[in-house]
Amino acid sequence: MDHTQENEILIATQTYCVERPIYSYPALHGKLHKKDKVSDPIGDKIKRALSCTPKKIRNIIYMFLPICKWLPAYKPREYVFGDFVSGISTGVLHLPQGPFAVISLMIGGVAVRLVPDDMYVGGGGANSTNGTEERDAMRVKVAMSVTLLSGIIQFCLGVLRFGFVAIYLTEPLVRGFTTAAAVHVFTSMLKYLFGVKTKRHSGPFSVVYSTLAVIANVKKLNICSLVVGLMCFALLLGGKEFNERFKNKLPAPIPLEIVAVIIGTGISAGFNLEESYKVDVVGSLPLGLLAPATPDSSLFHLVYVDAIAIAIVGFSVTISMAKIFAVKHGYQVDGNQELIALGICNSIGSLFQTFSISCSLSRSLVQESTGGNTQLAGCLASLLILLVILAIGFLFESLPQAVLSAIVIVNLKGMFMQFSDLPFFWRTSKIELTIWLTTFVSSLFLGLDYGLITAVIIALMTVIYRTQSPTYTVLGQLPNTDVYIDIDAYEEVKEHAGIKIFQINAPIYYANSDLYNNALRRKTGVNPALIMAARRKALKKHAKELGTQGKPKSSVVKVDAETGGEEEAKQEEQNEENAKPMTIDSLVQKTFPAELERFLPPGPNVHTMILDFSQVNFIDSVGVKTVSGILKEYGDVGIYVYLAACSAQVVNDLTRNRFFENPCVKELLFHSIHDAVLGAKVREALAQQEALAPPPEEDSEPIADPEE
């Protein structure tokens, strides 16, 4: 027997016994003393907010320079080799492209829209070359403006603590979104793998157009480029499988990406693949850095919509990948920190004629899969890129594009494995499956910007649907315990005679209050409107029977002329009184008269309804009116309604909405379901004792005064 089974047996055999009074809300809070909450004066709050303490300075430094926090805790023996290999691999992968294909396409789309080819490039010749240079220079200005504006937006959102929006990116949404992004990246790599020239597409359905363009040009594919890519593909897949199988025996993973780049560059240079077989290679890499320049702010009014979209998509991709790695490696992510970092990078980078950055799926996966542990891997990758730009770019000019595309595609394997989420969500939650699928489909076909907006809207709609259509349950007691669970789930659970316990697992608010009222009647089988109608019908039948049991119609009653009218009026008034339905007070305070029971149809003999609010986290004004109506409707037919296990927030909501305007209503609140059940039983027992007790005898003679 293992340790877990021993613990389960030990827990199952333990018992506890508690003896305490039945706690209604007034009884419990009558024994408690609230703590006095003294709020600080406004002056003290302002002084504290403006104070400069070492702790506050340290937190500000950590916010803008996180390296000051994690670098002192760096473990060289554990991290340095993995960071070195990861940084080199990621840096090499960065050489021929921008950081993220989708962001690159979005910025390229803005540049092409504002600066089309026909604006500068003419029919050819020397002027055509000059026009191309002018066009490219203008497109760089557009990219700089978009980057600066998107960086300002991201930084401001981070300072204003808008990173909380990351909580709306639920795990199914994140996984569907990143899977769609992986498909976008995959399709953008196909033309390099096949060695074909296609037009660049962006916007909605760009993934479809890009795929169709590759298929349309498949007859023009470069066999040599495809062979090189497939060889690299096989090398990487086999090597990663080897690394995974023998990871416990290897001192460190084999840096396959570096090996593939070295072999690919060597083969391409040795056999001159570019000239002999027309294989696309990285080509000439310009050396040196451009001089800083100020972005053109006059373009802001033309690009602000695109800047907002790029800022949102860039943050969403970054936080999505960060969440995936955080779950995998057991740490937390601060959305505000990510916004500030992206904002600073984009704002400062735009001064050096760069365009907006984001988290690259492929390069992030390469960095993680090759052993990267800390940000030093990213720093090393950046230093390698800087070294290439300044000095050694010529070494990578012969690197085939097909090798890089194979590296990217292989490292997207983890993203594509997320398709296995579909059967899991099918078994566990159809709603989460819907979020995953709609996020994937919308992000795939509408683009990541519009797809993300669509996905968030759908995710919010599912939240509304869940609260609007919650689970309603009738509870029963596990015998000899204070445990109350679903009566439809377990055979051992039993209901108390005359008591119905109704539970909702959602807040009660305007969207589901009517549904709650209807579900209460349907699930418990107790409908006050039907009971009231049945009782009225019984009263009429009773009154009719009393009328037929009187004197025969043929008998003639002589009435005195002077008193007959008055007696007849009294009789009619008495008949009308008998025909009236019982009042609310009479129905609540005493049971239905025994002589009328035979006129009632058979039905549940329920005297108490207990509304379990243990899973209700708030209730709005509409919900309070609904609950008040329930109390009145059931009270009209003599059924008490108790509220059990209300949280402090729910009690505050009830108080603010004047639910306790009648102080006696507080007596209907109980600390737990079991308190409410016991309270109902005590009440019924006292009512039966009063009903069985003989009426008090009246003294025939007055008591004499002792002084007389």
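Including glycine, each Cβ sits where the backbone N, Cα and C put it.
Summarising the annotation, TrEMBL assigns transmembrane segment to 142-169, 220-238, 302-327, 339-363, 375-396, 403-420, 440-465. Positions annotated as domain 'STAS' by TrEMBL: 489-680. The annotation region 'Disordered' is assigned in TrEMBL to 543-581, 688-708. Positions annotated as compositional bias 'Basic and acidic residues' by TrEMBL: 567-579. As annotated by TrEMBL, compositional bias 'Acidic residues' applies to 696-708.
Segment contact is absent for the transmembrane segment (403-420) and the transmembrane segment (142-169), given fewer than three CB pairs below 8 angstroms at sequence separation of 6 or more. Contact between the transmembrane segment (339-363) and the transmembrane segment (142-169) is supported by 3 or more Cβ pairs under 8 Å, counting only residues 6 or more apart in sequence. Of the candidate ranges 220-238, 375-396, 440-465, 440-465 has the most C-beta pairs within less than 8 angstroms of the transmembrane segment (142-169).
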